[in-house]
Structure formats: C-alpha cells, structure tokens
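Engineer: My questions will all concern the structure given below.
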Amino acid sequence: MPAVPQTAFLVLISLLTLSSASPSDLPNLYLRTTIRTSTPTHNRPSHLFVLQRACQSEQCHQKALQFLLQNHCQNLILFDHLRMIKAKCSPKALQNARRSRRFIGIHRDEVIKLAAPLHDTTSAAPLRMSTTLRPAHERSFQRISNLSFYPDRTAAVAHDGGVVDLSAQKTARRCSKHGGEGVTVYVIDTGCRSSHEQLRGRVHTMVAPGSAYISGEDDHGHGTHVAATIGGRDFGIAPRAKLVCIKALSERNEGSAHDVVAGVQLAMRLHKAEHGPGVISISLGGRAGRRKTALDAAVDAASRAGLSFVVAAGNAGADACAFTPGRARMAITVAAVDERGKVAGFSNSGGCVSVGAPGVRVWSAVADGDDAYGVSSGTSMAAPFVSGLVALLVGDNGRTRPRTVRKWLREIGFTGDDGVPVVSAKEFCEWRRFQRA
C-alpha cells in the first residue's frame, strides 16, 4: 500500500466502555481506525461511503482509505464489519468517489430520530402498581381481521410500593425452554438506567464508538423502557437474555447516522467474539428517498452476519417503505397493534412491515428512578416485544438464520385485515405447543 501522506496520522481507539460490567465480561478488542489530516475541514459535512460487498479484506479496506486520502478527504473512520468509511470530503472528492467503482453508496451523515413516546391522552399523574393492572404488551388479542424518536405516546407512572399481577407478562417466557438464556440482545438507543430494579445486574451499558457520549447511562428514558420490555426482571419477554445497551442517541431524542452505524459496528464485533445467537433492537429512523441508505446497508450487513435485526416501523401513520432503516430488505420491521390486534392509527404499515406486535399502553421501566415505571404507546414499544420473542426463539433453537426467524414469526402470528401477521404471547405459546406435538 502506498505510504500515508505526511499530513495525516493514524490513531487506534478502543471502543469498549462499560459502566455496569467488568472489562473481563466482554473482550476488550474492539478497535476502529481513524485517520485525521492536519488540514482544516472548513465545516464540510460528513459522508458515509459504503464499499462493494466483495471488499471484505483488510487490504481492500486500506486501498479505499488511501483513495479517499489521495482525494484530500479528512477525518476518516473505517467500520470494517459494515464495509463503511466515514469521511469529510470536498465536492470534487465526492464526485471522484461517485465515479469510482469502489463504493456502492455515498450518503450524507444525517440526523436520526428515535421512535420516541408522545404524551398519552390519559392522565400522567402517579399511579399505584395495581394487582389488576395487566400490561398491554402481554394481553391476549381477540382475533380480529384487519433520526428524534418516532413519536410514541407516554405517561409516567411512579412505583409507590404496590405490586402488579405478573401472570400475563410471564406467559411468553413460560412457553420457552430457556427464557432467552445464551442470547445477547443489543439495544441501540438512548442507553439504559443500569441501576433500575428491572435491569440491575442484567445489563451492560456502553457508548457507541466515536460518539460524544462518555457513559452508556440513559438520560432520556426511552432506552430503559425498551430494554426492560425485552429482558427486565418482571416485565421482560426474555428475562434470561443478556442485554447490551449501546448509547447512540442523546437526551434530545436524536443522533447522527454515524452514531447508529457505529453502534451496529460495535454490536457486530461483540457478536463475532461471543459466538452465540444475537439480536439487535432499534426504534429509530426517518423518511428517505428511493436510494438505499447507510442505515439500510447496516441492517442488511448485520443480518448477513447472523444477527436478527428488529426495527420499529415508525409512528407517522404512513407507508413504512418510505422510512429507513425499517424498509431494509433483511429487517424484521414491526408495526404497533392495539389490544384487539388492529394496527394502531399512528403506526406505519404496508409491504415493508414484517409483523405487528403490542404497542399500545405498554407498561415498563423508565429512567426517572430505580423504581419508576411508565405506560407508553408506539412502534418503539412493539419492536422490543418482538426482540424478546426472537430472543426466546433463537435461545431455544441455537444460532438461527434471520430468514428463518422471520419465517417463524409469520407462522406464529395471526393475519389481520392488512395482511400483517400479529404476534402476542398467546400466539407464541400456541405455536410452541404445535411444534412440540
């Protein structure tokens, strides 16, 4: 490889930052390559360059880096598992890159928003955890045919010493042989409150590589709600799964496409090192044009690596195919349905939706305190429900191709008016009994 110009220097940065686990719990070998030049960037926007699928080797990656350096691009970051490079380039350099056959896509680093909760129409006053309260995400459905957050709906609920009937929540886990044991679920979100009673001792919090965050703790609340739905002590669909919360978005409900891509890269490195089944869960995205985006490419790359990638469809009440990354070819894209099994009016739908899941008035943990809870509605509540089910499926069956997981989910669900298979704890248990017969 030609020598790197003297105007550049190479920095190797460790990506692994844990705030709730010892370094020995996860291997400390996650590095990225950053090349910064001494020439000012003049506030140029960053772009994500997607390499050809055949460009798998280190030599090919280095040649692509060298090409961008020779075109005077700056602040280069290589995401080797995703075959992507982030860089700041002049308009002329971008033109040269587009003419090159090295890249199949060049995408501006855009702001990504979360599928965040909207305020619920019900009272937000503190409520007791009643013995008769049954969280919506575990209620049985009637079989009726049918990158800020994607705005969901939320109402904060404080825990004041009461108890909740957990029989409904535990339905799905009781139908699983292993409860998600041996599965790692990577939650790329606002981080998690690791000290919450639902997550304490059950979650690793990390920061996305190259991000501005110094801690993986949740300063918004969305990530905590999502993680507890997946694997919380009492509310979790897959309570024995290992949760890794990768903070890639801020307290303002947003981050850059680079932050999310970096989180996916880290999840892929961890997955490769652990050799067990894995799931990625994200509840974020935004509208996109016809061309494939960097987030679409990241979802497909992670899926090809064996990770089941669950994505919230979005809450615009529109066609999910107009939103990235839920439209990605290999994504498990989840719409929100109500207690009757009907797709919620706020939920995106259409041909890019894989399944529907409970997403209206879902009770789970929030980050306001170690014993704080909230009731939220949105596709970002439905997606973690499916992430938990996927963890149960792959935990019981071992490493399974994402394509097979999508097939199982469609078998589990009953079909509504719009043709979307709707999954719930009841349907999961019936499917498990059928499989054992």
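A Cβ is built for glycine as well, from the same backbone N, Cα and C atoms used for every other residue.
Caution: TrEMBL annotation is automatic and unverified by curators.
Dumping what TrEMBL says about this protein:
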- Asp189: active site, charge relay system (ACT_SITE)
- His222: active site, charge relay system (ACT_SITE)
- Ser380: active site, charge relay system (ACT_SITE)
- 180-409: domain 'Peptidase S8/S53' (DOMAIN)
- 1-21: signal peptide (SIGNAL)
Engineer: Distance check, please: Cα of His222 (active site, charge relay system) against Cα of Ser380 (active site, charge relay system), rounded to an integer number of angstrom.
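Structural biologist: It is 9 Å, counting Cα to Cα.
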Engineer: Where Ser380 (active site, charge relay system) and Asp189 (active site, charge relay system) are concerned, what is their Cα separation in Å, rounded?
Structural biologist: 10
Engineer: According to DSSP, which of helix, strand or coil covers Asp189 (active site, charge relay system)?
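Structural biologist: Strand, per DSSP.
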Engineer: Tell me, how many other CB atoms lie within 10 A of the CB of Ser380 (active site, charge relay system), whichever protein chain they belong to?
Structural biologist: 35
Engineer: Taking only the residues in the domain 'Peptidase S8/S53' (180-409), give me the average pLDDT of this model.
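Structural biologist: Overall, the domain 'Peptidase S8/S53' (180-409) comes to a mean pLDDT of 93.
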